[in-house]
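Enquirer: I'd like to ask some things about the structure below.
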């Protein structure tokens with residue numbers, strides 16, 4: 001593909017194998033915690049919050065260090081290796097605390113590598129096609145998730161649907177994880193060193209990106225994560241063999257729409273694509289009581305369109321990309337973690353319907369906020 005650099009393709013395959021192993025964990029984690037370990041939905045919310053917070057909050061630090069000292073590939077190797085080692089150990093867990101700890105360690109690996117990975121991809125964007133490049137990478141990323149869910153389905157279909165199978169799947173994640181680490185070490189090239197014009201790592205111009213980032217953070221606070229969707233499916237009586245198919249629906253939609261979503265961002269602008277993604281997110285929650293298959297599909301559309309758009313937005317306009325990507329992931333950490341705790345608490349203590357009501361209302365407010373901001377920005381520049 002002429003518009004995609006070879007190094008981006010290699011990074012895409014790294015993400016493919018890493019997300020294959022990650023999805024083998026996240027697909028089964030809600031069932032494992034609530035039905036195998038006999039913990040409540042609130043405990044699941046805490047695990048999601050801890051993992052999310054660690055995963056994203058520390059990206060600020062590593063994004064800053066990546067920019068300041070121009071450290072990229074070493075962070076990639078360390079991050080992928082840490083995740084590869086920690087995921088199989090879930091197969092030996094017998095308590096809520098050990099699951100939370102191991103998920104925290106695995107997400108720390110993601111924190112170490114993520115800002116550097118996005119910065120590295122930005123370094124190899126061709127023809128200024130940021131949306132297309134990130135869309136291509138995300139396509140391979142999500143294709144790995146799809147394969148992970150399919151592998152779970154095959155194991156449950158032909159072996160067994162029990163606790164031992166779940167633990168076996170967790171241990172099996174070491175194989176794709178090691179493949180990803182090998183690709184990083186032997187094939188991925190480091191980012192080219194940049195000539196530093198000054199010693200500033202934080203550029204004041206980057207603060208103009210913050211309104212859009214914080215509107216996105218607010219939306220993430222209110223939307224339910226995919227793990228709550230999985231728990232809802234289990235509560236509705238979906239068997240362990242069918243749940244991976246729901247996740248495959250989620251990831252298949254993302255896989256097939258990722259590249260198109262990136263191209264759409266380049267054509268009509270990232271803000272319009274973000275507004276569209278917010279509509280998809282609202283639909284996904286509204287459909288939870290109507291049709292779970294459609295709910296998972298619309299969650300996939302929200303995830304891929306919003307993430308591609310916001311990453312392309314940062315890649316195109318940020319001066320200190322590593323730092324801004326770090327701030328972005330840090331904000332995702334705080335707001336997603338708090339949202340998971342709040343949603344889990346409301347679900348357990350006040351019922352699922354009230355959790356949905358609050359989620360929908362909050363997302364609606366964030367959609368209107370972004371819409372008004374976009375109109376204001378257009379009118380401001382038209383008067384200039």
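Backbone N, Cα and C atoms are what each Cβ position is placed from, and that goes for glycine too.
Pasting the feature list from TrEMBL:
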type     : residues : note
DOMAIN   : 1-384    : domain 'Major facilitator superfamily (MFS) profile'
TRANSMEM : 20-37    : transmembrane segment
TRANSMEM : 44-65    : transmembrane segment
TRANSMEM : 142-160  : transmembrane segment
TRANSMEM : 166-188  : transmembrane segment
TRANSMEM : 209-231  : transmembrane segment
TRANSMEM : 237-257  : transmembrane segment
TRANSMEM : 269-286  : transmembrane segment
TRANSMEM : 292-310  : transmembrane segment
TRANSMEM : 322-343  : transmembrane segment
TRANSMEM : 355-376  : transmembrane segment
Enquirer: Is the transmembrane segment (237-257) in contact with the transmembrane segment (44-65), using three or more Cβ pairs under 8 angstroms as the rule and ignoring pairs under 6 apart in sequence?
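Expert: Between the transmembrane segment (44-65) and the transmembrane segment (237-257), contact is absent.
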Enquirer: Is the transmembrane segment (209-231) packed against any residues at least 6 beyond its ends, judged by a Cβ distance under 8 Å, and which are they?
Expert: 26-27, 29-31, 34, 41, 44, 48, 52, 243, 246-247, 250, 271, 274, 278, 281, 284-285, 288, 292, 295-296, 299, 302, 306, 310, 313-314, 317-318, 324, 327-328, 331-332, 334-336, 338-340, 342-344, 347, 355, 358-359, 361-363, 365-367, 369-370, 373
Enquirer: Looking only at the domain 'Major facilitator superfamily (MFS) profile' (1-384), what is the mean pLDDT?
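Expert: It averages 88.
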